[in-house]
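**Student:** Feature list, courtesy of TrEMBL:
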DOMAIN    9-108  domain 'Cadherin'
DOMAIN    109-217  domain 'Cadherin'
DOMAIN    218-324  domain 'Cadherin'
DOMAIN    325-429  domain 'Cadherin'
DOMAIN    430-539  domain 'Cadherin'
DOMAIN    564-651  domain 'Cadherin'
Amino acid sequence: TANGQVVYSITEETERGASVGNIAKDLGIDAATLSARKFRMITGSSKQYFNINASTGALSVNEPIDREQLCELKSACLLNYELVLENPLELYRMEFKVLDINDNSPSFPLSEYHINVPEFLSPGARFTLPIAQDLDEGTNSVQNYTLSPDEHFHLEMQTRGDGSKYPELVLKNALDREEQAAHRLVLTAKDGGDPPKSGHVPVIVAVLDTNDNAPEFEHSVYRASILENSPSGTLVVQVHATDLDEGPNGEIRYSFSNTTSADLQRMFLIHPHTGEVTVNGVLAVQRPLLEMLIEASDNGAFGMSSTAKLLVEITDVNNHGPEITITSLSSPIPEDAVPGTVIALLSIMDKDPGENGKVTCQIPDNLPFQLKPSLENYYSLLTSGLLDRELISGYNITITATDLGSPPITAQKTLWVQISDVNDNPPVFSADSFDVFVEENNPLGTLLYQVSASDPDMGENGRVSYMLRNSTVAGSALTSFLSVSLANGSIYATRAFDFEQLRSFYFQVEAKDNGSPTLSAAVTMNVYILDQNDNAPTILYPTSQNGSVAVEIVPRLADEDYLVTKVVADDEDSAQNAWLSYHLVHSSDSTLFRLAPHSGELRTTRSMRSTDFLKHKVVVVVRDHGDPPLSSTVTVGILLADTLPQALPDFDDSGEPPPLLNATNIYLIVSLACVSCIF
């Protein structure tokens, strides 16, 4: 911010190295921090007139100042500097008043000045004399004039409207050209210095004969007003004078008096015959009121003249636009900068005076920034709201300055302010959970899924890493089942899954960014094991042991569709892998038995005949619907007998069952016989 101002006074021509003051002490700044805060002095001058010692804050002269060369004819000679400190950003204004010394003598514009005075003029007649220029100011400039002693002339001082004085030559006693045709006088200008300096110019007064009437103006003072941007040729005023003489002695010529400055005579022209005063070129003036003397001279052999004052008021027009200067800018700024953070200092100047030089300044309302005035013509650009780099990474801030002229003039300057990232966003998954399907018996290292989380932050703040959250699956650590890629979120199987042992489980993957502090998020993964056809059907009934054949007894009088037996099977797989079908692949008599493909029921296709064999064998295949399908086979022996005793002769003498019988089937035969007896 712009914090304060200090004013110093220094005499011109002060030698190099001379002490001016201590900037640290005068501004209340710790001198030890000047260097650390990267101080710098800013000035519009091409020369660096002053130095600051970075260690002590001592302010000294770097180059002697010539006030007259620097400020020319200005009454006040000022040098303006700005001292900028960083960390935090501060600005101080320094003003140096350059004091004058009496190092210039008064001088006249001409080496010799001539005045023609008619001999018939009465005492009291006045004549303008040249004024001296002294580049010094105040008391060191011209203070008074003196005239060498003469019995016919003396000197009187006159005062202008602005308070400045000029000399006039006054006729004290009547002249006689025949006695003395010329008078040689010396005009001396003295300044008020200590010691005083002076300048001299000879004044030659020629005494003229005849032509005893001087021109007379209609007005002693003429007033006019023009715009400062009036083009060349613009009429300012027309003066008019009359002369009672006749002929050449009464013909009048107009001109600017020698007391009118050369600058004004370059800016204005006066027509010698009409008295019209017009603009000549650009009106490069800083004063609102200009004063000139117009002289009317006749064309007599010894011309007479008189003067009138012309006062020209210069009306300001709004011909200068505001000038916007960025003194300091901090960019980028962090997105978590609090409202009120200073990001730039700027100055706005307008060279026009009065209302035309007053300026209003603004920035667009839809930005999180504001302009705050500090010192006159200085503003601070502050944050006024919260910033979010993920929404807007930078701002083009257009500063608009408008003066109060009519019509107003507007100037604009655009700043680019970049917003730097802070870690204010956690990683985000596209969903709260994901479903993963994997077939059992998978190879180790199978890629199951790749999760991805996005983080709108930049750099390390937006770089995401992945890891498994600690948990167990079926009593074992999750890491014995899965692994995840730290860099890309790929999830791999570290073991083969078995659908028959584990059908589903869930776990969580955590995504962390690399900011400070770290932010994270988690997603739930639901894993479903898909069944493969890796189990053949198991035949539960009829059973066989040690490779023996299961035996069923069918009454010889059994009718058609008699239930011989039912093949019962199971499959540990699921879905279509466990859908079973039954197929009769072999029968010793294909006309006698049929097998239901879905229920596994083995039935007779007709009534028994006396010619049918007593022993039969069928082979049944139980097949699932997997891809490829798996199957199991069972062989069933069938005995045609009405009672158990009828079946016993088929046993051999050793008491062992025939090949179609085993111990279990004998028990079943006995059981069936008992049941038959009961019913």
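Cβ from N, Cα, C; glycine included.
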**Student:** What stretch, picked from 9-108, 109-217, 564-651, has the most CB pairs under 8 A with the domain 'Cadherin' (325-429)?
**Tutor:** 9-108
**Student:** Give the residue counts of the domain 'Cadherin' (564-651) per reduced DSSP state, in the order helix, strand, coil.
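**Tutor:** For that range the per-state counts are 11 helix, 41 strand, 36 coil.
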**Student:** Provide the three-state DSSP residue tally for the domain 'Cadherin' (9-108): helix first, then strand, then coil.
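**Tutor:** DSSP classes over the domain 'Cadherin' (9-108) add up to 13 helix, 36 strand, 51 coil.
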**Student:** If I take every residue in the domain 'Cadherin' (109-217) and average their pLDDT values, what number comes out?
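**Tutor:** 88, rounded to a whole number.
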**Student:** For the domain 'Cadherin' (325-429), jot down how many residues DSSP puts in helix, in strand and in coil.
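**Tutor:** For that range the per-state counts are 4 helix, 53 strand, 48 coil.
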